Amino acid sequence: MTSSHTDCHFCLQSLRGRKYALREENAYCVPCYDSLYANPCEECKQPIECNSKDLAYKGRHWHEGCFRCAKCSHSLVEKPFAVKDEVLLCTKCYSDEYSSKCFHCQKTIMPGSRKMEFKGSSWHESCFVCQYCQQPLGTKPLITKDNENYCVPCFEKQFAHHCYACKKVITSGGVTYHDQPWHKECFVCAVCKTQLSRQRFISKDECPYCVDCFSEFYAKKCASCKKPVTGLGGAKYISFEDRQWHRECFNCTKCSISLVGHEFLTQQDDILCHKCGSA
């Protein structure tokens, strides 16, 4: 600005015919204004004089010619840019240096664009789709198989097993019995319906039974104590003709001596040691 009517507010010299700058309604000659108020440039450290363009960002100032990418030196004036550790970078240099790569296409996910994150990896929103139907997954439930993502309906259609009992899809876990998949909650004793996925069971006629139900309904009874003889857990038992005994029950009916590994005689329903049987 020029004026012929005011003096410099600081040095009091006439501003007539000279350029001047206004600050808070006070006029200053250019040298006084620059010495008092010019901001130092972040790049060259020189004052940004009043006749130069002052570019400001978050309290810092640059000459127009100094406002450039720290890596490739291209001007950032009126262009998008990013800041890393207080250093200015154009979006390309920032992306090359710091941005995530899309897990699917391996291209840079540009700053400001939406990205999806799943299991520690990043995707472009347009790349985060169901492998089968190619529809965006967004925040929908999904299932991963062989590093590929599927929406739940497509996964069930392509890969899921159906429970042998209820015929519904098994989405995780499950039990295999007679080469057939079952939900854990569907794999139950054929009699009492107790879940069998975490306990011992016995199979008969392709049906699973808990030990108690099998023993009650199907196991043969010890000829001595009348309790079931199952042989489970490696337990040993004695079998003779159509009768069975627990090993510890296979004793002489008269003297109670163990007959395991010894000769014995039978008398009607009794088993006798050789001594008692010969008396």
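FYI, residue positions are counted from 1 along the chain as it appears here.
The backbone N, Cα and C atoms fix where each Cβ goes, glycine too.
Feature annotations, courtesy of TrEMBL:
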- 39-99: domain 'LIM zinc-binding' (DOMAIN)
- 100-161: domain 'LIM zinc-binding' (DOMAIN)
- 220-279: domain 'LIM zinc-binding' (DOMAIN)
DSSP helix/strand/coil residue counts for the domain 'LIM zinc-binding' (39-99): 11 helix, 20 strand, 30 coil
For the domain 'LIM zinc-binding' (220-279), mean pLDDT (0 to 100): 82
Three-state composition of the domain 'LIM zinc-binding' (220-279), taking helix and strand from DSSP: 11 helix, 23 strand, 26 coil
Three-state composition of the domain 'LIM zinc-binding' (100-161), taking helix and strand from DSSP: 7 helix, 22 strand, 33 coil
